[in-house]
Structures are given as structure tokens and as C-alpha cells.
Amino acid sequence: MDASTLFKKVKVKRVLGSLEQQIDDITTDSRTAREGSIFVASVGYTVDSHKFCQSVADQGCKLVVVNKEQSLPANVTQVVVPDTLRVASILAHTLFDYPSHQLVTFGVTGTNGKTSIATMIHLIQRKLQKNSAYLGTNGFQINETKTKGANTTPETVSLTKKIKEAVDAGAESMTLEVSSHGLVLGRLRGVEFDVAIFSNLTQDHLDFHGTMEAYGHAKSLLFSQLGEDLSKEKYVVLNNDDSFSEYLRTVTPYEVFSYGIDEEAQFMAENIQESLQGVSFDFVTPFGTYPVKSPYVGKFNISNIMAAMIAVWSKGTSLETIIKAVENLEPVEGRLEVLDPSLPIDLIIDYAHTADGMNKLIDAVQPFVKQKLIFLVGMAGERDLTKTPEMGRVACRADYVIFTPDNPANDDPKMLTAELAKGATHQNYIEFDDRAEGIKHAIDIAEPGDTVVLASKGREPYQIMPGHIKVPHRDDLIGLEAAYKKFGGGPVGQ
């Protein structure tokens, strides 16, 4: 596309050089800038990428978007604008022909449950033989092909490219986990959502948002982003068991479908039966009551299942067809995931990293604990510490508790575990400043019949250490290695 055409939608401040050049890519990553691409510089929290403008010029890039004039060779065109990342959204969506308009786009937001609901929607679509894409905490996936990602919601240009990649691969729908950070930072500008889903709102990320009011407002931006064009068929799916849903009803003109277990809703679950092999319930809908069986464990996952089913149903698939698909869904990685059922202990990993998420996790597993419940939880560094003692209190619902850091970054690991211990309600706990050692200890003290829960990370494949260096780490692999060493078994008979 000719750059002059591309920039017609942008009210630029100043252009230094010529826009008569062909553009086939846009990037905010200086390492990928080249001839034919636009490099968009920005001022981030830790890095001002304007300092890389000379580097991208050396790589052959002839067009940069900046917030102030840079000292660059005359053959490099500079487009000066007040808000470079806002302009990046406009340019990316225009250059790649508005990819989110070319498929059905589901957006899932909430403190807990985003990954589960988004993954369930993707898996249901696959069971229905539909080409589907997923983007979120567990990476980027088109049908069964997976790649890892760095953020739940990538920056705006990367996100647009992922949607374009899904479209080019023939995806009929794409499900996005929508983080509050991504909404506030404008990473989702220009994405055309068709269905917006809300799971819940509990305390988290106050280190970024400051107050619960600001955090709630951030979540509401997804529903505002649906727009006001009632000629389009768009829908909202809200959890009536969370009172914040009432506010979200007020920020969108589109039809709302509510679900709930404890509070009255259009879609409800009754006659719930739970086990470590899954759940069953009666799905009470405006069109009748349907028996549902699911391989997902825990009452909270019933809420997630309902949200996913309603979202897919809203776009035209019958409930009967969806319910049949739900019975045979694969596990959501790292979400109440039981590792190797052949072990004499129940070894479970989960992503729960808030007091509310941990409460629901313990509620789900406690009825099936045969002997002791051993619970390991971590606190992340450089995060809101006001939630930490409450996490420690909830963890002490277990018989034995292990406090560890989780992505300590530049914080003192001992300080993080001490903050968790402030909430302890019994003395049956221990602190480890090395999470891997804490996991090994959990297995070491476990006896046949015990349940060991490793919370806070799921299958996250790293620990963020001082200097924000990512060090390889997998709770599941460390736990399984220790369990096979103690109890025997394993894929190679350790």
C-alpha cells in the first residue's frame, strides 16, 4: 500500500520527507524494522524506543512515526504525531484490511476465568468442525497449532497481525482474552468484537490501576468497545453472580444474556454433581432444561462452561449441538489440571493467584481430598501487596501450606513470602524463597491419598527474576519429577 494512502486517516502533526513509498508492514519492534515497513516509536514504562530510530534507518527502514522530530538521514521520512501508539492502531488495521471484521470475534474479560472461558469457546468451535483461533495467557493458537506469547493481550500491532494471521489461515472465529492492562493501554483499539463476555471482578492489579473503581472501569471498556451501531448483531454475556454485571449492562446498547448459579439469571445451573473427573448439571435456559456433562472440575468451572456455551450459541449454533460438544472437550492447560492420575497422590496445578480464585480452587478440590490437602501458593513481585495477606488467609484453609515467591522480579523473595504469612490462620505453614524447592518439599511430605495443589502459575513456563530476566520453570514438570522419584512411575519409569 502507498504510504500516502495509508496516512489519509491520520491527522498528522508534521511530515518530514516523502510519503510516496510502498509499505507492506508496520512494527513497534525496532529489531524487525526493514525497507518497506513503518517503525512506530513510543515512550514505554521502561524504554523510549525513539532511541532506536537510527538503528531502524540503518536496517533500511525509510518511514518512522515519532512524537517529536529525530536526527535522522534525509532519506528517512518522519511522521510526527502526538500519540504514536494510537496512530499505530489506525495504520495496522488499515494496512491489514481490518482483519477483525472478517471473522467472529469473542472477547473475554474478568479477574478470574478468562483463560478457561476463552479456551472453552475455542475448543467448542473445533468440536463443531469450525476453524478457530485463540489468543491469550496460554499463547496463540490456530486450530491445534500453538505458539507461545509474552502477554495476555499483545501490543496493538502484534495483536492486529495475529488476527490477520488467523484470517489468512481460514479461521471463522477468534477468541481473545482481554486484560485490563490491554484495554487501558489501548492495545485493542480498532478490534471489532462481536461478543463480549464477563466472568467476575475481584481485587487484583491495583499496583497498576490504583483503585477497584479504576480496575472496574478498565474492564468495562471492552463492552463500550462493542460500539453503538445496532445494525450489527452483537451480544453481551454477563455473570449475574457478580454484582459488577449490573454496571456493565449500562455501558452497552446490545442484547445481554445473563448466567448464574446463585443469583437469578436467564441461564442457570441446577442439580450440580461434582467429582475430580468433572461435573454434571441441569442447564436451565429460556428454551428448556438440558442435562450437561463436562470434564472440567469445580463449581466455578460450571460458570465458565455456561459463559462459553452462551457465547457460541449467540452466534447461531443450537444449544443441543454445543452441549454434545462440551462433553468431550480437552482440559484447559494449567487450570485445575490433574497431573498423572496414576500417582498415589492427587497432584493438581492451577493459575489461581487471587484470594477469590484460591477460594474457588479449594472449594473445588476439598470435597475429594482423602487425607491431607497440601497447598502451595506464590506471590508475584512488583505487584499490589495489599491483596497478599488475604491470599495467605485463604491458603490456610488447607491442612499444610507452603508460601513461595512467584515471578519475584526485583522484589526480595523473603519479603513476598512474609507478606503471605501475615494472613496465616494456623502455624502449619513453611516459607521457601525458591519456588522449585517449595514444590519438591510439597511432594516430599505428601503421602498416598494426599492432595497437593500447586497454585499461582499453572503452566507458565518461566520465573521472572531480578532484572526481569525470564528463567525456565514449569510447576508441572518439577512436581511430576519429584513425584516419580518418590512414588515411581512416569513416562520412562523414573
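The backbone N, Cα and C atoms fix where each Cβ goes, glycine too.
These come from Swiss-Prot:
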BINDING   G110, T111, N112, G113, K114, T115, S116  ATP binding site
MOD_RES   K219  N6-carboxylysine
MOTIF     406-409  motif 'L-lysine recognition motif'
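Mean pLDDT for the motif 'L-lysine recognition motif' (406-409) in the predicted structure: 95. A Cα-Cα distance of 12 Å separates K114 (ATP binding site) from the residue listed as 'N6-carboxylysine'. Listed by sequence, the residues of this chain that lie at least six past the ends of the motif 'L-lysine recognition motif' (406-409) yet keep a Cβ under 8 A from its Cβ atoms are 353, 378-382, 416, 435, 456-457, 462-466, 468.
Comparing the Cα of K219 (N6-carboxylysine) with the Cα of every entry in T111, N112, G113, T115, S116, these being the binding-site residues, the smallest distance points to T111. Other residues of the chain with a Cβ within 8 Å of the Cβ centroid of G110, T111, N112, G113, K114, T115, S116, the ATP site, are V108, I117, E177, S199, N200, N304.
Note on S116 (ATP binding site): other Cβ atoms within 10 Å of its Cβ, all shown chains, come to 26.
Residue counts for the motif 'L-lysine recognition motif' (406-409) under DSSP, split into helix (H, G, I), strand (E, B) and coil, are 0 helix, 1 strand, 3 coil.
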